[in-house]
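S.K.: Take a look at the following structure, please.
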């Protein structure tokens, strides 16, 4: 029994460490926002959803009473995601601020409020815990399925530019640690979503190995296929550079290039045409 609890503690600590590192991964994005004093090109949705997920798991862990390591990491996640949201809101434009407020109301106020009030007052504590566990598991499964958009983009562009390898490794490690933590606690609500997380993590690393040396090529982007938020601004910059190069290389109107010389050459052309018509 003591050995079993020791392994639970070990996997819980390792899961905390890995999840802590993953939670800090957006810091470069927000450093860009701070430097540019604008949140243009970035979205607040991932951070609002992450905050909502952390709130759900804290609520679940408090009811479960034997998952303190779930409380520690999700408390930190609540803090860091709130910091990201406040920073985004401070530097965002009016439209982006309004959208962030709407998302916060939808997920963190009405969404969490609905889950809380629909479960907290149930008379049977085990029924309450099971229902809340299914909600947490369902939401986590949907979050773990999010990398499908990135996988599709990598296959479409044959480029791993949009899928950082280090982040994929940490997400996979985190899924492994939390899977064993849930398994040893005999809690399938924790273990099952991380099976999907592990599968998608391995898939991303396989795609990275396949396409890491593939030559980059320009593709026509599907408007429904959005880039990860940290790359949108860079792509816009690239597009502006390409556009300026095209405009520079394009032939300019004739009269703008030659000035008086262009006018003389045009006049000579007219005179030659007139002489030809007279000969005819």
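Placed from the backbone N, Cα and C atoms, the Cβ positions cover glycine too.
Curation does not apply to TrEMBL; its annotations are automatic.
Heads up, here are the entries from TrEMBL:
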TRANSMEM  6-24  transmembrane segment
TRANSMEM  45-62  transmembrane segment
TRANSMEM  68-91  transmembrane segment
TRANSMEM  103-123  transmembrane segment
TRANSMEM  129-150  transmembrane segment
TRANSMEM  162-184  transmembrane segment
TRANSMEM  190-211  transmembrane segment
REGION    247-280  region 'Disordered'
S.K.: Does the transmembrane segment (190-211) make contact with the transmembrane segment (45-62) through 3 or more Cβ pairs under 8 Å, each pair 6 or more apart in sequence?
M.R.: no
S.K.: So if I exclude everything within five residues of the ends of the transmembrane segment (68-91), which remaining residues of that chain have a CB under 8 angstroms from its CBs? That is, six or more out.
M.R.: 9, 12-13, 15-16, 19-20, 23-24, 26, 30, 33-34, 37-39, 42, 44, 47-48, 50-51, 53-55, 57-58, 60-62, 97, 100, 104, 181, 190
S.K.: Same chain only, please: residues at least 6 beyond the ends of the transmembrane segment (162-184) with a C-beta under 8 Å from a C-beta of the stretch. Say none if there are none.
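M.R.: Hits for the transmembrane segment (162-184): 4, 7-8, 11-12, 14-15, 18-19, 21-22, 25, 69, 144, 150-151, 153-154, 190-192, 194-195, 197-198, 201-202, 204-205, 207-208, 212, 227-228, 231.
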S.K.: What residues elsewhere in the chain lie close to the transmembrane segment (45-62), defined as a C-beta under 8 angstroms and at least 6 residues from its ends?
M.R.: 26, 68, 70-71, 74-75, 77-78, 81-82, 84-85, 88, 100, 103-104, 107-108, 111-112, 115-116, 129, 132-133, 135-136, 139-140, 143, 189, 229
